[in-house]
Every structure is written in C-alpha cells, then in structure tokens.
Amino acid sequence: MAAAALPWSFPPGGGATTFDLAVGARVDPRLDPRPWVAEVLALATNTGVVLALLCGSAAWFAWQRRWWETATVVLAPELAVAVNTWALKPWWGRPLHDYLAYPSGHTVHLVSVITALVLLLRSTRARAVIVALATAGWCAGAAGMIALDYHHATDIVGGAAAGISLTIALYWVSVWIRRTFGPRPR
C-alpha cells in the first residue's frame, strides 16, 4: 500500500519531495566531505552482496534438504526484482538522472531476500536477529545511496514497501503451488 501511495506525493516531473529534501539535508552534509564512507554504506544494497546473501540462504535450506524453501528463497526475490524492473518502475516513471528511480531496485532486492528468509525460517530468534541486522544494513545503504545521489529517500522507502509486499505475495503463491501440486501426505 505504501509503495502505491508514495508516488502521489511526487511533484510533477518526479523531483524530490519535501521529505526527500529534509532527509537529503541531514545526510549529504555529513558524508559529502568523505564520499568513500557513502560508498561503504551503500555496499549493503550492492547486487553482489545481496546475491551472496541469497546464495547463503539457499545453501542453508539446501543443506537441511528443505527443497521447497530453497526454491522459494531464490525465486521469490528474483521475481520481485523482475516485477519491479519491468512493471513498477515503468508504471510510476520517476526519473533520476538517466534512469527510473522509483521504487529502488537495489532496495527491492535486499528487502525481498530478507523477507523471504524471514518468512521461511522456523526460529523466532533467528528471525529477530536477521530483521535487526537487515534494518541496520538497510538504513546504512539508504544513507549511502542518498549521499551518492543514486536515489531520493522516497525511492528507498517505496523500494522497501514493494520488496516486502511482492515477496509476501510470491511466498503465498509458492505455498498455494506446494499445497496444490506438491506430494500428498499418506
């Protein structure tokens, strides 16, 4: 819902909102003199880092021979990224520099992997730790992306909302597929 509501706050042409300007004013002055810090912070949303997290999650479930979870933790985030790239970004059409920025694809990817992992884990303690660490990583990544002028704050918030909602929807699709076409208990 938030991912669909945020674009209504965008000014004509998709420029920065009042919220974006306020967040940017707090982030930019602190990181402008040290751009390498912003680069390090943005690493949390780097595709290589997120894919390593995805592969580690898949390996964890495969090691336990939980094949449905293995497939779901790989497919749900990747499908969420595809939907974001090919449907949501063109639909909203918010440009920044020479690309469509809303919702942030890097954020959708990171948040989708974390959401899938949290939905599939059985341990409440592990879920809590992963959510806490992921939230810290997401905040760091957001500060880095804003300081580097890759995204507005609303792009990142919208990316998180889209990542969570798309992954939950895809998770329930996978549950339906498993119940409908999976092995029957004897």
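From the backbone N, Cα and C atoms, a Cβ is placed for every residue, glycine too.
Taken from TrEMBL, the feature domain 'Phosphatidic acid phosphatase type 2/haloperoxidase' covers 100-176. Feature annotation from TrEMBL assigns transmembrane segment to 40-63, 100-121, 128-150, 156-177.
Counting only same-chain residues 6+ beyond the ends of the transmembrane segment (100-121), those with a CB under 8 A from a CB of the stretch are 3, 6-7, 10, 14, 44-47, 50, 53-54, 57, 61, 66, 69, 72-73, 76-77, 80-81, 84-85, 88-90, 92-94, 127, 130-131, 134, 137-138, 141-142, 145, 150-152, 154-156, 158-164, 166-168, 171.
Counting residues 6+ beyond its ends, the transmembrane segment (128-150) has Cβ neighbours under 8 Å at 23-24, 27-28, 30-32, 35, 37-45, 96-97, 101, 104, 106-107, 110-111, 114, 117-118, 121, 156, 160 in the same chain. For the transmembrane segment (40-63), the residues of the chain that approach it from at least six positions outside its boundaries are 31, 69-70, 73-74, 77, 104, 106-107, 109-110, 113-114, 116-117, 120, 137-138, 140-141, 143-145, 147-148, 150, judged by C-beta separation under 8 angstroms. Here the transmembrane segment (156-177) has Cβ contacts under 8 Å with residues 1-3, 6-7, 68, 71-72, 75-77, 79-80, 83-84, 88, 102-112, 115-116, 119-120, 138, 141-142, 145-146 of the same chain, all six or more residues outside its ends. Summarised by DSSP class, the composition of the domain 'Phosphatidic acid phosphatase type 2/haloperoxidase' (100-176) is 64 helix, 1 strand, 12 coil. Over the domain 'Phosphatidic acid phosphatase type 2/haloperoxidase' (100-176), the average per-residue pLDDT in this prediction is 94.
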